[in-house]
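J.: Structure provided below as structure tokens; questions to follow.
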Amino acid sequence: MEKSEKGNGVAPATRSPMALMGSSRNENQEVNTSMRTAETMLRLVPMALGVAALVVMLKNSQSNDFGSVSYSDLGAFRYLVHANGICAGYSLLSAIIAAVPRPSTMPRAWTFFLLDQILTYIILGATAVSTEVLYLTNKGDSAITWSAACGTFAGFCHKATIAVVITFVAVICYVVLSLVSSYRLFTKFDAPVNYPKLSQFIQATERVGWRLGRERSPESDDDNNKDGC
């Protein structure tokens, strides 16, 4: 039958517009599902990292003949613990919300954008401060009479370094999330309206002023002639 149809020059049946629309909708749904899954996994990764860094730092303490030290003795490490806890809780909540298949609205996009930005700066600040304290504990600073302590409390410094490195990886994940949420938000805006440029506006006002000056110039010439007479 196929050979006879080709021989007779009969064109194959074309797909209807409704079928094409249905296939395009299915493709869009598949793309949205895959993007939603990827975003959910990307939000769960920093949660796991935050919990890991939190547990490592909470168990970070050491005692020896020279004394004892704990993470709670340093404000930077306490801040790191609180920041990891907050970010882990937010990552879990946002992953649950992102996994729910509902249409993306502008308030939802703004909420994700603002919270992602805030949490990124919180975890970034905690990582930066903790890194500075780690540097001082390893190298010391004679100007402020801060002696290097990692030679005496090597285990404490090792665990603190692991926690900071894990938190730094979480920072990278939050930076990616901030880029994703900002792209999703700002691509919803329409293109800006083309307003006249400033230079065109200035040129138009100059032309108007030049015309007004020419219209007033004959009157001023007559007044000058009268004064001269």
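A Cβ is built for glycine as well, from the same backbone N, Cα and C atoms used for every other residue.
I grabbed these lines from TrEMBL:
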DOMAIN    33-173  domain 'Casparian strip membrane protein'
REGION    1-30  region 'Disordered'
TRANSMEM  41-59  transmembrane segment
TRANSMEM  79-100  transmembrane segment
TRANSMEM  112-136  transmembrane segment
TRANSMEM  160-180  transmembrane segment
J.: Within the domain 'Casparian strip membrane protein' (33-173), count helix residues (DSSP H, G, I), strand residues (E, B) and coil residues, in that order.
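T.: For that range the per-state counts are 111 helix, 10 strand, 20 coil.
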J.: How about long-range neighbours of the transmembrane segment (112-136): same chain, 6 or more residues beyond its ends, C-beta under 8 Å?
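T.: Residues 50, 74, 76-77, 79-80, 82-84, 86-87, 90, 94, 98, 146, 157, 160-161, 163-164, 167-168, 170-171, 174-175, 177-178, 181-182, 184-185.
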